[in-house]
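Among the features that Swiss-Prot reports, thiamine diphosphate binding site is placed at HIS78, ALA119, HIS120, SER121, GLY151, ALA152, ASN179, TYR288, GLU370, with the record citing sequence analysis. Residues annotated as Mg(2+) binding site in Swiss-Prot, with sequence analysis given as evidence: ASP150, ASN179.
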Amino acid sequence: MTLLKTPLLDTIRDAADVRRLPQDKLAQLAAELRAETIDAVSVTGGHLGAGLGVVELTVALHHVFNTPHDRLIWDVGHQCYPHKILTGRRDRIRTLRQGGGLSGFTRRAESEYDPFGAAHSSTSISAGLGMAVARDLSGEERNVVCVIGDGAMSAGMAYEAMNNAGAMDSRLIVILNDNDMSIAPPTGAMSAYLARLISGQTYRSLREIGKQIAGHLPKFVERGAARAEEFARGFWTGGTLFEELGFYYVGPIDGHNLDHLLPVLKNVRDAKTGPILVHVVTQKGKGYAPAEASADKYHGVVKFDVVTGAQVKAKSNAPSYTRVFAESLISQARHDPKVVAITAAMPSGTGLDLFGQVYPERTFDVGIAEQHAVTFAAGLAAEGFKPFCALYSTFLQRAYDQVVHDVALQGLPVRFIIDRAGLVGADGATHAGAFDIAFLACLPGMTVMAPADEAELVHMMATMVAFDDGPSAVRFPRGEGVGVERPERGEVLPIGKGRIVHGTGEGDIALLSLGTRLAACLDAAERLEAAGFTVTVADARFAKPLDRELVLKLAAGHGALVTVEEGSVGGFGSHVLQLVTDEGLLDRGAVKVRAMVLPDIYIDQETQARQLAAAGLDADAIVAKVEGLLGKAKAGVSLHKAG
C-alpha cells in the first residue's frame, strides 16, 4: 500500500467538514479523494471506474447539500466509495467487500448517509420520489437527490418513475451521471453558461411570468409559446426527452469541473418547484490512466498494483463455469444456426462477450432491461429460434412475471442460463442467487437443471439445445469448476433423470445433491464411511422434473435421506419432501428425511467457502446432519476432520 499524503482529506470526519471548506479548497480535496479511492481499491478489489468518475460530483454534492438531512441516493450504488470516504467511513474503507467490512454498495444499516440501499440498477428515482412525497406529507423541508448513471437509464423502471414524478410535479432533483456521453457531450463555456443561466432563479421566475401571461392568451397561442420555449432550450441543451416527462432539464455540464458544477447545484438546491434533472457528463476511471484507457477492464477489479495497473489474479486450477457455458454455447451454435444469445448489459459477466466475438449477429445485449430480455427471447422462441437468455440469478428476479406469463404459460422453449446461482462472495446478499430453484421449479412445464461440475454443464448445454418441449433453465455458481475433464461434445441427458455416483443404492444414509454441492457430499461420505456408515451419494441433476424413481429408491433403501442444495427453502428439497409424503413413506416411519438449504437470512459478504460454512452447507455440516440423524460413529472413529 502506498503511503499517501492527504492533508486536506485527513481533516474530513464527515460531510459537515466538506461543507465548511472554502470553495477554492475543493479541487484539492477531490484530488486527494481520488488518490485514496485508488489506493483503497488496490487493496480490496471492487468497482473502481465508476467511483473515480464521480469524485468531483461527490465532493460538490456534499458541499452544497445538507446530508444526511438532505437525502442522497446513489444508483447503481457501486460508485459510492468516494461517498463512503467523506461520510465517516474512511477508517474502514480498506475493508470494502470483506467479511465484516463495508459493503461495496450503499446500505441503510451501515450509515445514516445511505438513505436507500442500492445494488440493482435504476431504483433511485422511484425511491427518491417516495421520499419526496413522504417529506411533503409530513410537512418537512429537505432536498431529495438521486444520482443515476452507469447504464441505469437503460432500464424502464427509471422512466416509469420519471413519468410519475413529472405528473406529480414533485420537488425532486435527479442527477444524470452520463459517463459514456450517450445523450450529449458538454460543449465548453457556452454549455456551462447556459446550464448556470437556466438553472437560476431569475430565468425560472421569468419563465413562470411568461406562463402566467400566456395563460391569458388564446389556447393555441399559449401552447405555441410553451413549445417554442421548450424547443429553444432543447435546441441548446438536448433535454427535450426529459422535458416531455415533466422534468426541468439543466445541462449538459462537465462533471469534473467544480466551477461549473457548484453554481448549478446551488441553483437547483434553492429551487422551490420541481422535478429537476441535471445532466452531468463524466468519464469512468477519471484520473487513473489505466482505468481511463480501458474502462471495461477497470469497471470491476481484483487487487492491483497502483503504479502499473496490473491486476493480481490468482492462477486458475480450472475454468470458470461462466467460461464453460460460453465455450459450450459456441460449440453448439456451430451445428445449429437457430442458437442465439441474449444478455442484459452483462456480456463479459455472463461470458457472452466470447460468443459475440464468434457470432456477433446472433448476440443481443438489450441493456439493463431484464423484463424486455425475457420477452424478447420469448418472441424469438415463438418464431422457431433457440434463445439462450443469460442472466445472473439475482437479476432474473426482476423479470419473474415475464418468465411466468410470457414464457412458461405459453410453453415457449426459452433457455435460461442462470449465472451466479447460490452464494457469490464479496458482492454479498444483494447479488446472491438464493431463490431461483424455488421460483422456477414451482412453474408448470419448467425444466430446471444444475450441474455438479464442468463436464455436467457441457452435457446440460447439449440437452438444452435439443429440448424444445418447453422452457428450461440451468443454474451454476460463480467461480471455477472442480477441474474435471470436459468432453468435446456434450451428450443429451434424459430429462428428469439423476444418477448414483457413489455407493450401491442401499445403506445407512443417502445424500442426494443438486448442483455443485456434490463435491461436499462426496467428502462427507468418505468421512462417514471411515466412521462405519454405509453411504450412497446421488446427483439429482434436475430439480424439475424430479427423478421420482431415484428418490423413492433412495428412500426405500436407506435409513435416512438428506438432500443438499445451494438454494433457499422451497426449492429442490421441498419437492423431494412433497414426493415422499405423497407416497406415505413418512407415515410408516420407513425413512428419516432432511433438507439442507440456505438459512432463512441474507448472508453478508465473505469468501464463498466461509459463506457456505456459515450457511451450513459444507462437508462438516453434512457430517453433523447425519450424526444428528443416526447417532455417533459406528466404528468409534471421529466424524470430523482433524485440525
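Glycine too: its Cβ is placed from the backbone N, Cα and C atoms.
The number of other Cβ atoms within 10 Å of the Cβ belonging to ASN179 (thiamine diphosphate binding site), over all protein chains shown, comes to 24.
ASP150 (Mg(2+) binding site) counts 28 other C-beta atoms within 10 Å of its own C-beta, drawing on all protein chains shown. Each residue contributes its Cα atom, and for ASP150 (Mg(2+) binding site) and ASN179 (thiamine diphosphate binding site) those atoms are 6 Å apart. In this structure, the binding-site residues under consideration are HIS78, HIS120, GLY151, GLU370, and the one with the smallest number of other Cβ atoms within 10 Å of its Cβ is GLY151.
DSSP assigns GLU370 (thiamine diphosphate binding site) to a helix.
Following the DSSP three-state reduction, the secondary structure of ASN179 (thiamine diphosphate binding site) is coil. Our reading of the thiamine diphosphate binding annotation (HIS78, ALA119, HIS120, SER121, GLY151, ALA152, ASN179, TYR288, GLU370) yields a largest Cα to Cα distance of 32 angstrom.
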